[in-house]
């Protein structure tokens with residue numbers, strides 16, 4: 001099943017075509033890595049999937065309701081000097097159910113605390129965002145998407161500027177989300193992370209998209225197999 | 001001894017407000033002090049501290065036009081100011097949307113044009129005394145109509161701000177999140193700018209179009225030296241504005257000084273003191289060599 005399908009998509013920025021004849025299905029419960037050089041159209045495609053950019057031709061067919069789509073931009077895009085605590089940020093993830101007016105109830109605060117517990121940021125609950133490290137911030141932002149119960153999650157280089165422990169934890173959390181049926185699209189640059197996380201790869205290059213499997217891509221990229229070949233159990237000459 | 005002290009205090013602090021014009025001025029400035037600082041806090045947090053200044057120029061042509069058509073009638077002048085402020089904010093916004101011109105430069109251009117147009121209009125129909133009045137206000141000339149208008153607008157601002165509060169907070173931090181949720185972040189932004197214009201029109205009678213910005217921005221920027229929390233910033237800035245209004249009125253009464261500048265200068269003194277001695281980002285905070293011990297907040 002795929003709730004997100006691209007039909008012969010043509011996207012443009014400022015009158016210049018960035019991508020054309022883009023086709024494909026993003027599988028439910030799968031993690032798709034989006035890769036490509038700078039300017040290849042990764043952000044443009046994300047914008048189109050989020051519905052913020054109208055395609056020149058073709059269409060994006062998305063069965064996930066807008067409220068359940070989450071987009072985590074690169075950290076630089078956020079104003080992190082805004083005086084808001086980690087808990088308050090995570091609680092804004094209740095927007096789909098609560099909107100601008102409804103008060104938060106105890107159950108939601110409890111859910112917020114569970115999420116912080118899961119992400120290992122419970123003790124930072126009341127810390128302002130501006131005082132967090134890159135890794136802590138990323139955990140808090142992922143916390144918001146968990147609160148939102150996102151079914152389509154787009155992440156732009158979520159592991160940039162983030163410590164090793166956080167990368168490990170976030171990979172687990174993202175994998176869990178996929179296992180629960182969410183569709184994830186992640187812009188990645190690191191081949192090792194790609195090999196570990198991605199189920200599918202969409203390569204954007206020179207205005208076109210090409211689908212690949214992580215194994216084939218990593219093999220071509222590094223000349224090595226992702227998994228070491230299985231050694232024969234018996235050796236010639238052995239009994 | 002105690003009696004004379006009390007009576008001196010009474011003479012200094014309470015007696016001035018026995019005059020009806022002083023108590024009306026006090027009520028008007030207290031109402032403005034409740035509405036203006038929260039707007040200032042959000043303007044500051046959005047990096048739009050100077051937009052208030054620009055906006056104050058935008059209401060001038062409308063005020064002047066109202067003055068030309070109906071004489072010194074506060075409701076007409078306020079209505080004119082409100083309309084021209086909203087119109088010019090809308091124009092600046094749409095020019096930057098349509099042409100890709102940066103919003104701040106579009107705003108700067110439109111507001112300068114409107115300032116010049118406003119001054120020209122006032123000069124065409126009145127004297128320089130009128131101009132001074134419109135630019136710098138006279139809080140002691142607040143009559144009952146003006147008072148009703150000012151308190152009405154202030155209440156409207158506080159209520160609207162409470163209604164859009166969460167949307168505004170989310171929009172400040174991450175406008176794309178709001179947009180991805182299907183809420184039009186442009187709408188929130190527009191309502192907010194509308195409130196700023198409303199507040200300036202309420203303030204121009206008492207403080208003048210130029211000084212009205214002071215009561216909005218100075219308490220907010222002062223509070224930034226003391227609090228890192230949004231609630232703290234808002235409460236503190238309101239308290240500072242209330243204090244500056246009360247103190248400024250008393251100073252202007254006793255020393256026969258113009259009231260608008262007295263209020264704003266008092267808020268300015270609070271700002272300078274906070275810049276020196278505040279808890280955050282101040283000079284003394286920079287020189288302080290103390291830190292909370294590691295993990296002190298684990299148990300918080």
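Any Cβ shown, glycine's included, is placed from N, Cα and C.
TrEMBL entries are annotated by machine, without manual review.
Per TrEMBL, the feature transmembrane segment maps to B:20-43 (among others).
Beyond its flanks by at least six residues, the transmembrane segment (B:50-70) meets 39-40, 43, 76-85, 88-89, 104, 107-108, 110-112, 114-115, 117-119, 121-122, 124-126, 130, 134-135, 193, 196-197, 200-201, 204, 209-210, 212-213, 216-217 of its own chain at Cβ-Cβ distances under 8 Å. Residues annotated as transmembrane segment in TrEMBL: B:50-70 (among others).
Distant neighbours of the transmembrane segment (B:76-95): 55, 58-67, 69-70, 101, 103, 106-107, 109-111, 114, 134, 149, 190, 193-194, 197-198, 200-202, 204-205, 209; these residues of the same chain sit at least 6 beyond its ends, with a Cβ under 8 Å from one of its Cβ atoms. Feature annotation from TrEMBL assigns transmembrane segment to B:76-95 (among others).
If you look up TrEMBL, you'll see B:107-126 (among others) marked as transmembrane segment.
If you look up TrEMBL, you'll see B:146-165 (among others) marked as transmembrane segment.
Counting same-chain residues at least six beyond the ends of the transmembrane segment (B:186-204), those with a Cβ under 8 angstroms from any Cβ of the stretch are 31-32, 35-36, 39, 42-43, 51-52, 55-56, 58-59, 63, 77-78, 81-82, 85-86, 89, 93, 134, 137, 149-150, 153-154, 156-157, 160-161, 164, 167-168, 171, 178, 211-213, 215-216. Taken from TrEMBL, the feature transmembrane segment applies to B:186-204 (among others).
Per TrEMBL, the feature transmembrane segment maps to B:210-226 (among others). Within the chain, the transmembrane segment (B:210-226) has long-range Cβ neighbours (under 8 A, six or more residues past its boundaries) at 29, 32-33, 36-37, 39-41, 43-44, 49, 52-53, 55-56, 135-137, 196, 199-200, 202-204, 232-234, 236-238, 240-241, 244-245, 260-261, 263-264, 267-268, 270-271, 274-275, 278-282.
The transmembrane segment annotation in TrEMBL covers B:233-253 (among others). Remote same-chain partners of the transmembrane segment (B:233-253), defined as residues 6 or more beyond its termini with a Cβ less than 8 Å from a stretch Cβ, comprise 12-13, 16, 22, 25-26, 29-30, 32-34, 36-38, 40-41, 45, 139, 215, 218-220, 222-224, 226-227, 259, 262-267, 270.
Here TrEMBL flags B:259-278 (among others) as transmembrane segment. Sequence-distant neighbours of the transmembrane segment (B:259-278) (same chain, 6+ residues past either end, Cβ-Cβ under 8 Å): 25, 29, 136-140, 206-208, 211, 214-215, 218-219, 221-222, 225-226, 240-241, 243-245, 247-249, 251-253, 284-285.
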